[in-house]
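Engineer: Submitted below is the structure of interest, expressed as structure tokens.
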Amino acid sequence: MVATSATSSFFPVPSSSLDPNGKGNRVGSTNLSGLNSTPNSGRMKAKPNAQATPKINGKKANLPGSVEIISKPDNETSQPAPAPRTFINQLPDWSMLLAAITTIFLAAEKQWMMLDWKPRRSDMIMDPFGLGRIVQDGLVFRQNFSIRSYEIGADRSASIETVMNHLQETALNHVKSAGLLENGFGSTPEMFKKNLIWVVARMQVVVDKYPTWGDVVEVDTWVSQSGKNGMRRDWLVRDCNTGEIVTRASSLWVMMNKLTRRLSKIPEEVRGEIEPYFVNSDPVIAEDSRKLTKLDDKTADYVRSGLTPRWSDLDVNQHVNNVKYIGWILESAPAGMLESQKLKSMTLEYRRECGRDSVLQSLTAVSGCDVGNLGTGGEVECQHLLRLQDGAEVVRGRTEWSSKTPTTTWDTTTS
């Protein structure tokens, strides 16, 4: 009985009142020889000539085990009966689940192979993604950069703006990796609360060699204290293939209130955030104590007027990015010098910020050679001034130039 009950819960048991051979003389038995089963319908369909239900005294007899046959028109379609609910057909389709898992695995493997993260060159082994990392007891930030085709000039070497962008990027990533980057351009959490931002006051850069397209450079940066209310940031740029130092830079940063646009002292709360990251070291460049000359229309050899910032020149603090000033300074440099000389050192003093509506003038004075013979080579020194249209100074600067090493010219002819 138990086995029969368990079996019937999974498989339907035919009624014992029906004779499977259509034989027998029981009362109420029905001849089923006139019934045909539709293969896919799951139900019995009666033909018109099937025997009717037995009657007693002219009435239908509902006898035990009797089957009532109902005739249906041929044009009436029968709906298939649902399959019986059993333990087997309630299980999930494991083959479909396995196929889905296999598809996901193959897609992930394809994406992993397309990523091709493995370094192809030995100089990228330490930083394959170029994301940077903290080194030297957590005080120095190091990041690699590959020189792109759009970062080089006509002489195939990287521009000074490219070098300066790498320095600025590593400075911000250093603050970010240390967990001090808040909602601002390099602002710490306490600086953000007090509406303070960092602004660069002075920058010195010495370039011994410019990288070329495809080169990979390694940039190290760290910070040190400078006086009571300043911070010094230094950079060393190396060629990843040779380890040769190609660029050195040192800068002085001070705090400014973002709302009043006035310089501010370093609050004790902010000092407590940044002092643990200070390195006790000398600047990588000896400070150039020579005074930067103030130019005017009479002392300048070249003047370029009508310079205006674009929207893309503004940073998140709504003032012009300091790298953009370098491009404006060189706007007034003579073309002959730019073609025959390379910039080997630069000293800048930032005196005022400018915004999106500013109109500027760039002034340059050349010394060290005859202005009319700049293409002959030799050492050249230039004094620069970037000022607003009303005469207010924005940046004073001094640049030193040396002759370019002769290089093979690009062949632009076509057959």
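Placed from the backbone N, Cα and C atoms, the Cβ positions cover glycine too.
Dumping what TrEMBL says about this protein:
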COMPBIAS  1-19  compositional bias 'Polar residues'
COMPBIAS  27-41  compositional bias 'Polar residues'
DOMAIN    1-127  domain 'Acyl-ACP-thioesterase N-terminal'
DOMAIN    138-273  domain 'Acyl-ACP thioesterase N-terminal hotdog'
DOMAIN    299-402  domain 'Acyl-ACP thioesterase-like C-terminal'
REGION    1-62  region 'Disordered'
Engineer: Where DSSP helix means H, G or I and strand means E or B, what are the helix, strand and coil counts for the domain 'Acyl-ACP thioesterase-like C-terminal' (299-402)?
Structural biologist: 25 helix, 45 strand, 34 coil
Engineer: So how many of the residues in the domain 'Acyl-ACP thioesterase N-terminal hotdog' (138-273) end up helix, strand or coil by DSSP?
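Structural biologist: Grouping H, G, I as helix and E, B as strand yields 32 helix, 59 strand, 45 coil.
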Engineer: For the domain 'Acyl-ACP thioesterase-like C-terminal' (299-402), provide the mean pLDDT of the predicted model.
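Structural biologist: So the average pLDDT across the domain 'Acyl-ACP thioesterase-like C-terminal' (299-402) works out to 89.
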